[in-house]
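Undergrad: Can you read through this structure? Questions will come right after.
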Amino acid sequence: PCAAAPEPRRAGASRRCCAERCAMGTRRCPRSLCSYSTPQVLVVHDWRLGALYRALQLLILLYFVGYVFILQKGYQEHETRPESSVITKVKGVTESPSKVWDVGDYVAPPEGGSTFSIITRVEVSPAQTMDTCPEVSRGGAGSRAAARAARHGAPVRAGEKTGRCVPSAAGPGKSCEILAWCPADGGSVSESLAKMAAQFTILIKNSIHFPRFGFSKTNIQAAERSYLKSCTFNATSGLYCPIFKLGFIVEQAGEDFAELAEKGGVIGIIITWDCNLDLPGTECRPRYSFRRLDPKAASASPGYNYRFAKDYSWKGTPRRVLIKAYGIRVDVMVQGQAGKFSLVPTAINVATALTSVGLGSFLCDWILLSCMNKQQAYSSRKFEEVPAE
């Protein structure tokens, strides 16, 4: 027994030496690198803090369940901007004081693409020939101003100046002589085509394809050809009959047809495909909306118009008819998205939801340590340093 007595002393000395070495190592090592922290559970009996914590958890869960997963379908893989093609056909006949107009006269361009215009009013300048004639003055120009403009060779939009001054066609005084299609003042006659234009029918054939999911669909699903000859579009009973009357399109866009036909304008037809591919393909349906695209109250160049000419020969002399056309331009635009269940976005959103629930603990900890009356006592319990053995 006496011989065994030194062993405890040697063991105690060994433990003290180890502790001294650990303390020296701790002093040499930065504290942030040589320490480990672990969360400490602290139960605080405060109904206000508890109610806030549960309310935050409930709001976060409602956001992810209601908005992310149900409304935004966060469990699906999505594809936007489908591949799309649009083919259009216009039918109808109308008349003006001078002639009867059919599709070949009032539709441009005739290819039947996603953008086309329908003429509703024209200003016709008939029988123009290539000759010299007075320039049309845009303001009161005297003979001295006309001579100065002729000498300087200022550009004009109707033709090319010859450098000579001639009597003005608009009244007293002189103006520059130009080489152009004459008469340059036009002498146009206005004719309206809007008498029956509201009854024109427009067939819009749209096909879409989502390459990621290999899904394709069209907005026409009639088994018989005769169906399209007798139907018109209806959002409930004729959804797959994409034949629209021009007056219906203008009305749905919130415009007055007579006013729009007089000045012209641009109408957009937006076809939207929102396809949930977890459901049968028949549930993927097109949705149509209509609105005016150009500014209605624009002071500079309002409405929509363009010019074109029809050339012909009369007794060996080249002539042309210049037409300024006012009309309704239609732009068909296709947009949409498709979604299908995928494990990857589901796992990401579930993990995000579980992580976000911890925001409630972070906010309540901040309130506990910053705003409560016993914040010092809570802090001493929350953060406790334990020395290493």
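Any Cβ shown, glycine's included, is placed from N, Cα and C.
Taken from TrEMBL, the feature ATP binding site covers LYS89, VAL90, LYS91, THR201, ASN305, TYR306, ARG307, LYS324. Positions annotated as disulfide bond by TrEMBL: CYS133-CYS182, CYS231-CYS241, CYS275-CYS284. Annotation comment: TrEMBL describes 51-71 as transmembrane segment.
Any idea what these are sitting next to in the structure?
TA: Counted within 10 Å of its Cβ, the other Cβ atoms near ASN305 (ATP binding site) come to 18, all protein chains included.
Of all the Cβ atoms in the protein chains shown, 15 others lie within 10 Å of the Cβ of CYS231 (disulfide bond).
The Cβ of CYS284 (disulfide bond) has 18 neighbouring Cβ atoms from other residues within 10 Å, across all protein chains displayed.
With a cut-off of 8 Å between Cβ atoms, the residues of this chain six or more beyond the transmembrane segment (51-71) that come close are 349, 352-353, 356-357, 359-361, 363-364, 367.
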Undergrad: Of the disulfide-bonded residues listed here (CYS133, CYS231, CYS275, CYS284), which is spatially closest to LYS89 (ATP binding site) when Cα positions are compared?
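TA: Result: the closest of the disulfide-bonded residues to LYS89 (ATP binding site) is CYS231.
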Undergrad: Please name which of the disulfide-bonded residues listed here, CYS182, CYS231, CYS275, CYS284, is nearest in space to THR201 (ATP binding site), Cα against Cα.
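TA: That would be CYS231, the closest of CYS182, CYS231, CYS275, CYS284 to THR201 (ATP binding site).
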Undergrad: Can you tell me which of the binding-site residues LYS91, ASN305, ARG307 is spatially closest to CYS241 (disulfide bond)? Compare CA atoms only.
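TA: Out of the listed candidates, the nearest Cα belongs to LYS91.
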Undergrad: Between the Cα atoms of TYR306 (ATP binding site) and CYS182 (disulfide bond), what distance do you get, rounded to the nearest Å?
TA: 19
Undergrad: Please report how many Å separate the Cα atom of ASN305 (ATP binding site) from that of CYS284 (disulfide bond), as a whole number.
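TA: Computed Cα spacing between ASN305 (ATP binding site) and CYS284 (disulfide bond) is 38 Å.
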Undergrad: When the Cα-Cα distance from LYS91 (ATP binding site) is computed for each of the disulfide-bonded residues CYS133, CYS182, CYS231, CYS275, CYS284, which gives the smallest value?
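TA: Smallest Cα separation from LYS91 (ATP binding site) among CYS133, CYS182, CYS231, CYS275, CYS284: CYS231.
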Undergrad: Using Cβ atoms only, which residues of the same chain lie under 8 Å from ARG307 (ATP binding site) while being at least 6 residues apart in sequence?
TA: LEU322, ILE323, LYS324, ALA325
